[in-house]
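Here Swiss-Prot flags C3-C21, C14-C42, C27-C31, C46-C57, C58-C63 as disulfide bond.
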Amino acid sequence: RTCNKTFSDQSKICPPGENICYTKTWCDAWCSQRGKRVELGCAATCPKVKAGVEIKCCSTDDCDKFQFGKPR
């Protein structure tokens, strides 16, 4: 499986056993100025999240695309 990774402009091959791609988003103290924080990566199962955190999981190559906004 290949998934997009945080801080990379190219998808990466996931480690053996990690066949799920995920996109996790949440707000921090800078959310109103910078937008939501984003984490992209691979996992063996869809990660569990806390309140206020959104996660999307998928199981095809490079399915964890995220449209980053333009800096202000």
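Just so you know, glycine gets a Cβ as well, placed from its N, Cα and C.
Features per Swiss-Prot, on structure.
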| residue | record | Cβ within 10 Å |
| --- | --- | --- |
| C3 | disulfide bond | 26 |
| C14 | disulfide bond | 19 |
| C21 | disulfide bond | 27 |
| C27 | disulfide bond | 14 |
| C31 | disulfide bond | 11 |
| C42 | disulfide bond | 21 |
| C46 | disulfide bond | 14 |
| C57 | disulfide bond | 15 |
| C58 | disulfide bond | 15 |
| C63 | disulfide bond | 18 |
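Here the candidates are the disulfide-bonded residues C3, C27, C31, C58, C63, and by Cα distance the one nearest C42 (disulfide bond) turns out to be C3.
Distance between Cα atoms for C57 (disulfide bond) and C63 (disulfide bond): 9 Å, as a whole number. Of the candidate disulfide-bonded residues, C21, C46, C58, C63, the one lying closest to C14 (disulfide bond) when CA atoms are compared is C21. Closest to C58 (disulfide bond) in space, going by CA atoms and restricting to the disulfide-bonded residues C21, C27, C31, C46, is C21. Nearest by CA distance to C3 (disulfide bond), out of the disulfide-bonded residues C27, C31, C46, C63, is C63.
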